[in-house]
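Reviewing the structure listed below.
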Amino acid sequence: MKFSNSMEKEALEGNIEKALLAMSLPLTISDLSEVLYNLTDTLWLSWLGAAQVAAPTVSWPPIYVLLSFGNGLISVGYANISKAWGKGDLDEAKRNAGSLFLFSLLFSFIVSIVSLLFSGEILKLMGVPQDVYPFALIYFRLILVATPLAYITIAFSVISSSIGDAYVTMRVNLFSALINAILDPVLIFGLAGSPRLGVAGAAIATLVARGIVAIYCIVLLFFKYDKIRLNVSHLALSKQWTKSAFVIGSPLGIHRASNSLGQTVLVSVVSAFGSKALAAYGIGMRIIDLIQTFTSGLGRATAVVVGLNLGKGEKSRVIKAAISSLKLMFLTLSALGAILIAFRTNLMEFFSNDTEVIALGSSLLLYSAISLPFFGLFFTTYGISNGSGKTYFFGILSVIRTWVLRVGVIILAFAFFKIQANDIWEVLAISNILSGAVGALWVMKKRWLV
């Protein structure tokens, strides 16, 4: 077989651990650039006040809910495209890529338009505090406008990553984050002759950055990308692709939608403790998101390595990739968790000078750090189920994690006991530990390989 790059060759014939790390590095950096979008907004908006910095915190969960099922269906690309590429069928890989790209556009446009029509009602249903609501509404609406543009980049990233070319994904996302980082302070504070737009400026910076990068991705995918260049004839939703998208992607979509809706409920519960608790939760989760870029990167790399080797029929390498991914994830996140525990207060102080926000956020980081290695195991389970196409167990596990171990326990505690925000942090950590352990056991039993 002729390999398109050394990363793909390493995944199919070389050292498995090296392949996972080599592929996860650009994917981690790529995911890091996405986190920097939110972190940059959090940093600059924290200078304006707790209500302003809480606006992205309450806006992103409902956005993820509205789009997450589509993200799950799109994730089928990791299985379909990587398997076709692994067995050397370029035409099939292009057909799958074209179907994925078209579906991404259609789904994101429909969901964004419907969501814009009901944006105010969605935030009111969440119980957003009155001092946060006007800022959240304008941020929410502008991010919804930018969502179809983001989906173009997401589709391109899935396609390029599925064929083992993770570095182009990294470059595209870093370019987008750089544009956003430059525009954020200019538009938020009215620098260089720009009007002072505050929260709206943060959202507009994201909109402009994603628009520029979306155009760049289209040019690459249809005119400049040598590895898997598409044309208009590939933009068709074939019966085979649509069926596989729903059979394989539905459990992943349920996982994403369930998790996102659960996050929305959690934000609503945290909102009951006021804007300072909400700000602490938002800042703390942005910091956790930085670390979780590694879990996402290694999880996606695992999906690609598993898919490529299954396509080639190398089951022994698939098993080795799964076990290696579990070990790498647990050990790395144990080390990162220890660092987070040591510097949790310093990190919170970087984003806020409010003592109550710092105390609540430091507590959240402590509990999160303890459970990080197990969250990593949970995400490795996601990568293996995604790459193998055996997604139903993970979909069920994800729903139980979110709605039984998290939302269910918190709502019952909220109804019958006098709980504090710190009690919510404890529940989140326990859910990570239990779901990660169960996921690792499922991987070790190898039923997903049958």
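Glycine is no exception: its Cβ is also placed from the backbone N, Cα and C atoms.
Predicted, not measured: the structure shown is a model, and the values here were computed from it.
Tertiary neighbourhood of the transmembrane segment (59-79): same-chain residues 38, 96-97, 100, 103-104, 107-108, 111-112, 115, 122-123, 126, 136, 139-140, 143-144, 147, 151, 154-155, 158-159, 161-162, 244-246, 248-257, 259-261, 263-264, 266-267, 300, 303-304, 307, 386-389, selected by CB-CB distance under 8 Å and a gap of 6+ residues from either end. The transmembrane segment annotation in TrEMBL covers 59-79 (among others).
Annotation source TrEMBL lists transmembrane segment at 100-118 (among others). Remote same-chain residues near the transmembrane segment (100-118) are listed as 62-63, 66-67, 70, 73-74, 76-77, 81, 141, 144-145, 147-148, 150-152, 154-156, 158-159, 221, 230, 234-237, 241, 245 (criterion: CB distance under 8 Å, separation of at least six residues from the stretch ends).
Among the features that TrEMBL reports, transmembrane segment is placed at 138-160 (among others).
Residues 29-31, 33-34, 36-37, 40-41, 44-45, 48, 153, 156-157, 199-202, 204-206, 208-210, 212-213, 216-217, 220 of the same chain, all 6+ positions outside the transmembrane segment (172-193), place their C-beta atoms under 8 angstroms from a C-beta of that stretch. If you look up TrEMBL, you'll see 172-193 (among others) marked as transmembrane segment.
Residues or ranges marked as transmembrane segment in TrEMBL: 199-223 (among others).
What TrEMBL lists as transmembrane segment is 325-345 (among others).
If you look up TrEMBL, you'll see 357-380 (among others) marked as transmembrane segment. The list of residues near the transmembrane segment (357-380) in space but at least 6 beyond its ends in sequence, with Cβ under 8 angstroms from a Cβ of it, reads 50, 276-277, 279-281, 283-285, 287-288, 291-292, 294-296, 298-299, 302, 322, 325-326, 329-334, 336-338, 340-341, 344-345, 347-349, 351, 397, 401, 421-422, 425-426, 428-430, 432-437, 439-440, 443.
Marked as transmembrane segment by TrEMBL: 392-417 (among others).
Residues 266, 269-270, 322-323, 326, 363-364, 366-368, 370-378, 380-382, 384, 393-394, 397-398, 400-402, 405-406, 409-410, 413 of the same chain, all 6+ positions outside the transmembrane segment (423-444), place their C-beta atoms under 8 angstroms from a C-beta of that stretch. Positions annotated as transmembrane segment by TrEMBL: 423-444 (among others).
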